[in-house]
Structure formats: C-alpha cells, structure tokens
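Working notes for the structure below.
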Amino acid sequence: MAKYDEKKQLKCSFCGKTQDQVKRLIAGPGVYICDECIDLCSEIIADEFEETVEFDTKSVPKPNEIKQYLDSYVIGQERAKKSLSVAVYNHYKRINTNKQDTDVELSKSNILLLGPTGSGKTLLAQTLAKVLNVPFAIADATTLTEAGYVGEDVENILLKLIQNADYDVERAERGIIYIDEIDKIARKSENPSITRDVSGEGVQQALLKILEGTVASVPPQGGRKHPHQEFIQINTSNILFICGGAFDGVDKIIENRTRKSSMGFGAQIQGKHEKDIGKLLKEIMPGDLLKFGLIPEFVGRLPILVTLESLDKDALINILTKPKNALVKQYKKLFELDDVELEFNNEALTSIAEEAIERKTGARGLRAIIEEMMTEIMYEIPSDEQITKVTITEECIKDKENPQVERLPEGKTRGTLASNRVKKDIESA
C-alpha cells in the first residue's frame, strides 16, 4: 500500500493521487484517503441505501393481511378496518407506481375517521403504522393556530414525524400522521365571518398544502419560524394523513337531510332518536361536513370517509379480554410481577362495560374504571406479603366494595414460597 512517492510525498491509498493533486488527505492508521475518494464512497453508500429503503409493492402487506393484524389489537369496527386496509394498501402501491415512468399519475387519498369518543380511531391509526413499520406521529388539532398567532404552527406536526424517524427525512416522507380532534378546527359558523378565525378556518387553510403535497420547511427545534434559521426540507406528497374526530352534532345535520328526503304522503315516520349515531354516520356526505364547519377545499383533500360505530356492551367486554394487549391481561401481568394472581369474574367484566357505556367514554374509559377500583389493593399488595390472589366481582364495580382477597397462613409469605420453588427447581435439575 503506497503512502509515499519517490519525492517522499503523501499519496491516497485508494486512488494513488499525491497530496499536491487533491484538496485534502485524511490520515488513518497506516493509510491515507483523499477528499475525492471520500465523496465517491459517500455516493456509493447513498445509492445502496436508497435501494434498500425503496418501497416495493411486494413488501406492502395485502389488505386482508393488514386487517388480520388490526383484528389482533382492535375489536369490532369490521367495516372501518376493511376500508382502512384497502386505503393504506392503495396509498403505498401508489408511491411505488409514481416512481415509474407511467402515463397515469395516481393522486393521494388521505383519510377522515369519524366516530364517537373511545371507538378506536387513534388505536386504528397507531396499529396501521406498526404493521407497515413506518414512522408515525400523532398531533392534536386543538393546539394548532394560523402562522403568526400564539400556538403551534402546522409544520410542527411534520417535525414530530421527522423526530420519530430519527431525523431520517427520506423515511419520514413515507410515514403516517394522525391528526386528532380535527372536528375542533371547524369554523364557528357555516357562513364565512369577517373576523379572523385563527384556530378554526385559519388552521384548515394552513393544513391544505401539506395535506395535498408540498415541500415544507420545518424548523429543526420546533417553535416559530424566524429569519436566519436553518430548515429541514420535507416533501409531504407521500405522507399519509389520517384525520380523526368525534364530530358531535353532525348526526343532527345528517338526520335533518335524510328527513327532508322522506317527507310526503306514504313516507315512513321515524321517531326523533330512532337511529343511533353509528348508523347515521354511515350516511354522511361531504355536504354534511361543510355544514358542520369544514371548508370545501379541506373536505376535498380527505376523500376517503371511514365511519366507526359506538361500541356496545359485548364489544367492550371483548376489548377487556381478547386483544393481545387487552386491559385484563395487562393488569394480570402487573399482579404477576408481585407473585399475586388476579381474576375478574364474568359479572365484573359486564359491570365495567356497562359503566363505560353509562359514562359515554367508550373503550377509553375502561382503564379509568378499573384503575379507580383497584388503586387501594395495588397500594397494599407490595407491603402485604401474605396476599396471593385477588378476585374482582360485580360488587366491586357497582357497590364500590373491596375485591375478594386470598391470603397465606400466618408465618408464610409470597417471598418464602418463591424461594422454596426455586430450591425445588434447582434440586430437580
């Protein structure tokens, strides 16, 4: 490996050029490399990396595979899961197709999720990102304001995605962003107002470009933009935006529209509350969203409408027990770490579900109900070594009674039982 020429000049160990022929030589243990070879190596690595991260249609799970994965974590909402699986599959297929030279360029289809509180909107979006192994970010629309006003700029949503992709911009450009509480940025009235609505219509206007696809300038540290600041450039054309909201009150708009169409002789008269919210949401039209307060341009950039139903008692009981990370399984694991067995009887599960329905909190309220009821016993267990089993009954939920507790005889503790088990295992081995 030549380091010197005959004139005792340093040479690049890779290309053989002398120090006079290059701008810079960098020394290593027994070797030298010039700036030109460094640039060449960087290009080769960048090209290879681009090939490895490039999306291939074959690597994107098929709609039925995506739905199967969603089924493992999300109970019910069959129609919504199918719609989302197809929409996500088509989105990533579109990314791959648009890279090729084709006559037809496929446009982006963002998704709007509508459903009552606690119906699983956020969980669906999070689970989609897991199955696809893409960066994911959640943003709260209520914190966003128009540029120049107190609050977060819309570009800060993109920063969260970049951070979750470990500042790999290229990977972030294929990610998913979930914007929650999107119904809270509806303008205050259907008719345009002369006063500025900086957290409603103003935010909708600010979101239009990034939803459609643009090269946005994002401050690396977040916050407001200011002159002489460096920006991260990110293209949002291939980012999938999923917007979600409860849209309280939109059911009345749908009901009024559907009522008008069934007036006259022979029309079937329905009671005022005959249809539930879930069924009404299935009949939603873009015009209903305009009446609710979303501007036409914003609705146009969310062409896929996916509605979720209110969860009934059976669905809530299944949510407590069936998913991979079901709440009952989580609490059993927590107790198991203290060598205590936890059991919920069927009546207790039914009572928890009924309480969640009464509170109108959906699946989100299940944890709060369990936590309220179990705080006292979880406080006692670590310091009471004689407790071995806890049973949650219907009375614990309805009458606020203490859970049933099984204890060891005097003089015995969970610690001594555990050490005896270890000794037996060692002896048998």
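Placement of Cβ uses the backbone N, Cα and C atoms for every residue, glycine included.
The following features are taken from Swiss-Prot:
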| type | residues | note |
| --- | --- | --- |
| BINDING | Cys12, Cys15, Cys34, Cys37 | Zn(2+) binding site |
| BINDING | Pro116, Thr117, Gly118, Ser119, Gly120, Lys121, Thr122, Leu123 | ATP binding site |
| COMPBIAS | 401-413 | compositional bias 'Basic and acidic residues' |
| DOMAIN | 1-53 | domain 'ClpX-type ZB' |
| REGION | 401-429 | region 'Disordered' |
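Within 8 Å of the centroid of the Cβ atoms of Cys12, Cys15, Cys34, Cys37, where the record puts Zn(2+), the same chain has further Cβ atoms from Ser13, Phe14, Gly16, Lys17, Val22, Leu25, Tyr32, Ile33, Asp35, Glu36, Ile38. Considering only the binding-site residues Cys12, Cys15, Cys34, Cys37, Gly120 (ATP binding site) has Cys37 as its nearest partner by CA-CA distance. Rounded to a whole number, the distance between the Cα atoms of Thr122 (ATP binding site) and Cys15 (Zn(2+) binding site) is 55 Å.
Annotation for Pro116 (ATP binding site): same-chain Cβ neighbours under 8 Å, separated by at least 6 residues, are Ala246, Ile277, Gly278, Leu308, Ser310, Lys360, Gly362. Neighbours of the ATP site: apart from Pro116, Thr117, Gly118, Ser119, Gly120, Lys121, Thr122, Leu123, residues of the same chain with C-beta atoms within 8 angstroms of the site's C-beta centroid are Gly115, Gly244, Leu308, Gly362, Ala363, Arg364. The binding-site residues shown are Cys12, Cys34, Cys37; of these, the one with its CA atom nearest the CA of Leu123 (ATP binding site) is Cys37.
Mean pLDDT for the domain 'ClpX-type ZB' (1-53) in the predicted structure: 76.
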